[in-house]
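One structure is given below, encoded as structure tokens.
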Amino acid sequence: MESICEVNFCSVLSRHLLNIFFYSRMMNPAVANEVLTSVENTLRSSPFDFQGARIISGQEEGAYGWITVNYLLGNFIQRSYFRSVRTSGALDLGGASTQITFESDDFIESEDNSLHFRLYGRSYNVYTHSFLCYGKDQALRLQLANRIA
């Protein structure tokens, strides 16, 4: 039971820290760096095997979400020479941004939206785009601002 609580706590803590990082980074990059330094110092003195922290890009966030979805669906390990499994796309509606990510066989016009990596012996070309300020919290703020105006 203790490990479940620890996992839930870590999940809630990581989401909370990500929100702090995003809003701090968006509003004041200096504050974001202070928060990140404080988190690093705290985790270095914890029993966790801490190996560093950084704020990831929206494209990285989209890619990690796509990998997670397809891993959980078994799309990477169920591939064989006789049967190909198509990957699923991922749409991540976050608090401050939304990411869309999917595998593409077509040429991707912008290198900023194109990621290439290798998983389980296969290469993937993935389109990913992060829409900053199109998350649910930002949409709510916009709606509230429109009601006030």
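Quick reminder: no glycine exception, Cβ is built from N, Cα and C everywhere.
Per TrEMBL, the features are:
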{"type": "ACT_SITE", "residues": "E61", "note": "active site, proton acceptor"}
{"type": "BINDING", "residues": "G95, A96, S97, T98, Q99", "note": "ATP binding site"}
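Note: the CA-CA distance between Q99 (ATP binding site) and E61 (active site, proton acceptor) rounds to 8 Å. Mapped onto three states, the DSSP output places E61 (active site, proton acceptor) in helix. The Cβ of T98 (ATP binding site) has L91, D92, S130, F131, Y134, G135 as same-chain neighbours under 8 Å, each 6 or more residues away in sequence. Neighbouring residues of the recorded ATP site, listed in sequence order and excluding G95, A96, S97, T98, Q99, comprise G58, E61, D92, L93, G94, S130, F131, L132, C133, Y134, G135, K136, Q138 (Cβ within 8 Å of the Cβ centroid). Rounded to a whole number, the distance between the Cα atoms of the residue listed as 'active site, proton acceptor' and S97 (ATP binding site) is 10 Å.
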